[in-house]
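What TrEMBL says about this one:
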BINDING   ASP489, ASN516, GLY518  Mg(2+) binding site
DOMAIN    34-139  domain 'Thiamine pyrophosphate enzyme N-terminal TPP-binding'
DOMAIN    248-366  domain 'Thiamine pyrophosphate enzyme central'
DOMAIN    458-583  domain 'Thiamine pyrophosphate enzyme TPP-binding'
Amino acid sequence: MDTPIILSKPPMSRTNSVQSFTVPTSAISSPKATLGSHLARRLVEVGVTDVFSVPGDFNLTLLDHLIDEPGLNLIGCCNELNAGYAADGYARSRGVGACVVTFTVGGLSVLNAIAGAYSENLPLICIVGGPNSNDYGTNRILHHTIGLPDFTQELNCFQTVTCFQYDAIAMVIAIVVASRDAAVVNNLEDAHELIDTAISTALKESKPVYISIGCNLPGIPYPTFNHEPVPFALNPKLSNQLGLEAAVEAAAAFLNKAVKPVLVGGPKLRVAKANDAFVELADASGYAFAVMPSAKGQVPEHHPHFIGTYWGAVSTAFCSEIVESADAYLFAGPIFNDYSSVGYSLLIKKEKTIIVEPNRVVIGNGPAFGCVLMKDFLTALAKRLNYNNTAYENYHRIFVPNGQPLKAEPREPLRVNILFQHVQKLLSAETAVIAETGDSWFNCQKLKLPKGCGYEFQMQYGSIGWSVGATLGYAQAVPEKRVLAFIGDGSFQVTAQDISTMLRCRQNPIIFLINNGGYTIEVEIHDGPYNVIKNWNYTGLVDAIHNGEGKCWTTKVFCEEELIEAIATATGAKQDCLCFIEVIAHKDDTSKELLEWGSRVSAANSRPPNPQ
């Protein structure tokens, strides 16, 4: 018999109403009266079936309880940074992710990944196994600390990159009574509520949360955990109806008087669960629509009015000309930073712009309307706009298809544009693209995604090495898709170890390692000898990690003929293997977009100080 679970659909979904989910009874263990079992059940309830972890002496008893939960699969990673990146990739597909590390040495190692998830608006539950509760307030110095009896350094670090923090031991200090055992019991009385609050806050805010649990607390029985927890529920967010009506009326008047308005989707469409509403608006209005680079994959690229990626001077062909020549543009969920604006060089005028945030609408230089949800606003606006396809007709009129790369001579050294010409043919609804920070950003942006093809990259935070862990997490979350990961050699050197974990999990991604001898993206911003790295035998490294355990196939390709053969093998005889294709490229073989973008970002970085 199935047990109904009430839960608001996770952030990847495109609705913000309360949903009823069915979780098989077998997925939730019989009630156990401990904090550890309660936390495990809650993770299963919200959709987490895989937890990425690194064991340490302070989290071992907690890990025992997570393993005991039949609905959870504990995945051990090679380091905490990759565990965090894996939870990030998992959350992008599944809607929420989780990782478990040990106190301070683990917590501060995973911190960079948590900061990335915060910047990318991903709900991620970071669980830390902390010291024994008896050690707090005793003036003792513990291992895994910085040598001070104050154990709050880790918590202080997490406060700026999480939206909620719960330290299961910190409360003990505030309620110490005659017996320390009583203090622990009193703390456990509130633990179920605080854990639920942390998890629900992650889902509501679409941000990471921090939960710290003392190493002596997970297995202590307590009456509040004696019964099955109340079904998890999140109240739906609601728009202020009067504000919504006023915002729609003002926006409709603004857009209906325009001659050639356009729509541009931003990365916060996912946070607002407004992807479908944005497409409905495009259907109803007839407007041409584009996406910002960090929103690629959020709306269907096979839509008849889709005109590409708007990225200023490095936009896809003819997109920027249409967007920047429009007399009105609606940006839904944008993030304008120095990277997405190509060094602050976008030719966008504020007075022509409607900015739609997840819960706020700003029209031109004013007015602004708060407490208006993006999804509600776009849905209502679709009913008030006059049909106007002028911008799309202009795009269709001037559009010239991209030219093909020059045909390679027999055995000619492989060019990156030839590589991506063949990658395009690999894409389908059964694949997903993970693009690492670097030139892969620009080459992957030019890929045309078929219906159902996934796409992820980390643009706001841009931490090199992210893609290895993210590939692990994404592939684990969506085993029915084959992940195609594009990673530069410099980035791979940061996080290469968790190829090992992919093999342990029997994953079958195709990893294209672009070996061009250094940090190419940084070369184009500001060159120097520090951008040249030691070359590795990358296929040899992966073979050593493989070590005969699991299914793995590696190869190096130097020319188009070898690439064609490698892709045929990876999609044929070795389709059930992790396939690692090392692509040997010239150090100066970069996309024209990176050359343009790099020069503009360099100019922005090198601006002199303003006069005082």
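Going from the start of the chain as shown, residues are counted 1 onward.
Cβ atoms are placed via backbone N, Cα and C, with glycine included.
The shown structure was predicted, so the numbers you read here are calculated from the model rather than taken from an experiment.
Within 8 Å of the centroid defined by the CB atoms of ASP489, ASN516, GLY518, the record's Mg(2+) site, lie the Cβ atoms of GLY488, GLY490, ILE514, ASN515, GLY517, TYR519, THR520, ILE533, ALA585, LYS587, excluding the listed residues themselves.
Confidence over the domain 'Thiamine pyrophosphate enzyme central' (248-366), given as mean pLDDT on the 0 to 100 scale, stands at 96. Counting every protein chain shown, 20 other Cβ atoms lie within 10 Å of the Cβ of GLY518 (Mg(2+) binding site). ASP489 (Mg(2+) binding site) is surrounded by 24 other CB atoms, counting those within 10 A of its CB over all protein chains shown. Counting residues of the domain 'Thiamine pyrophosphate enzyme N-terminal TPP-binding' (34-139) by DSSP class, helix then strand then coil, yields 51 helix, 22 strand, 33 coil. Its own atom aside, the Cβ of ASN516 (Mg(2+) binding site) has 22 Cβ atoms within 10 angstroms in the protein chains shown.
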